Amino acid sequence: MLRHNFRSSIFIRIVANSWSITRSVSSAPIKAESRKQQDSLKNIDSGEAYTALGNIRQKKDVFHYTDRASGTGYSHYSNSVYQHRPYIWPPLRKMYNWNYAFVIAGMVILMSDFEWIKEQIKGASTPFRPEASQKEESTDSGTEIEVKEKPKKKKLGFRERRIIEYEDRLRLYSTPDKIFRYFATLKIIDPNDESGRIFEVFMTPEDFLRSFTPGVMQPRRWGLDSFKAYNPEKHKRHKFSDPNSIFYKLGENGLINFSDYLFLMTLLSTSHADFALAFKIFDVDGNGALDKEEFTKVQQLIMSQTTVGQRHRDHVTPNSSFRVETNSALETYFFGKDGKGSLSSEKFIEFQERLQHDILKMEFERRDAMENSDGLITEESFAQLLLLHAQIAEKKQKHMLKRVKRRFKGDQSKGVSFDETKAFFEFLYHIDDVDIALHFHKMAGMSIDAKLLKRVAVKVTGIPLSDHVVDVVITLFDDNLDGKLSHEEMVAVMRRRMRRGLERPRDTGLFRLFDAVLECGKRAYHASPLPFY
């Protein structure tokens, strides 16, 4: 009994001691944490000691950045939050820095001029080509072989295409003074002006042709109000046109000022019959000739009827170089330096025909010449010359030219001379009479083939056409390849070609729409019997 009591007392003492030890050990951290919180709250305002949910606000370290625990990567850490985040293969993550290399390489490729690099490589590899060894062998043997290589056309880049599109819109919709300021390249400074700010702007014949020819880009050095200073006394030998050309007779070395530019554009867009009628109207004396004053009235009348003259804004032109002058080179050529001469209608129409001839010659010389032949252009180039101002969709135009190229290739290609081109364009000057004749033949049930077209040309205009040129024209406008000519489209295209696109309205059509709506409203107002309130 005593032994049992002794054992129980020892057990009770052991349990009590362990409880006291456990209690002291477990309560020590709690007391330390509570003392720490009390010390931290001494310097905190009572309003900021607790959060919105009633919890004690913990003091943050000044350099605390994130609560994220350190791990193997962002994808591993976020998988517990975003369950559907794609898995990235660890070796692929190590290649992340290669992205910078790919971006830099792409930028270098986009900024590289591959045409220049290609030319450099081609120039460096020329001595190592087989052609070079053949040339060396031919020179060693003493034989002189002249090989004319056809220069390849340089493909237009993105920048050039955008510039050409802008310049084509400029030709269509801008005022004549802006077109002149953009395409003119020369200026002659007034010798009496020491500052050099007073000058007159001139066009060369090439500038004049470029100002209304679509698809031809202005040289990069020149643009709007950008001109090269030209001194006629220092450059007396420099001629910008052939002495036999009509441009050479207009002024200094064949240069064109703004007044002459306006009237030359009017000449290109007006037929011979209109000028002959205007001469008869203003010939008060009835002697068949006009003096300077009467010619000025004819000039103003014709210009007011053309789109070029209607768009001219003489009253708002800032520079005197772009105003119509009463004493221009044209008037000096027609009436002499004193202005007392007279101009007959025959002389004026002859001047107009020579102008058409010189411009056609410059357009012909711009075409692609045939290989190993002088003075001939390819049939495709002749077709391009006919479609120059056709206003046909680009896709259809390419299809028409492709048809001509397939028809005249290899031995079938004979080339077209300037005399043949000139004869066909003289035939086109009577396009209205040709249209009537072809229409009558069609009403009679006759198909328009090459034989009929040549006969109409001789009977109506008195101009014989070569068989080869007629074959090219029929191939160009023969859509169904039956050897017959669809003359309606040909006549419409040739009319626009002879006017060189100068008869088109010089606006986008929006203002004409507003004018039409206003005119219809006025007519409805005056014609309505009901009062408008």
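Backbone N, Cα and C define each Cβ position, glycine as well.
With D283, D285, N287 listed by Swiss-Prot as binding Ca(2+), the candidate from E293, E294 annotated for that site turns out to be E294. With helix defined as DSSP H, G or I and strand as E or B, the domain 'EF-hand 2' (337-358) counts 14 helix, 2 strand, 6 coil. Long-range Cβ contacts of the domain 'EF-hand 1' (270-305) within its own chain (Cβ-Cβ under 8 Å, at least 6 residues beyond either end) map to 262-263, 312, 326, 331, 334-335, 339-345, 348-349, 352-353, 429. Looking only at other Cβ atoms within 10 Å, the busiest spot among the binding-site residues D283, D285 turns out to be D283.
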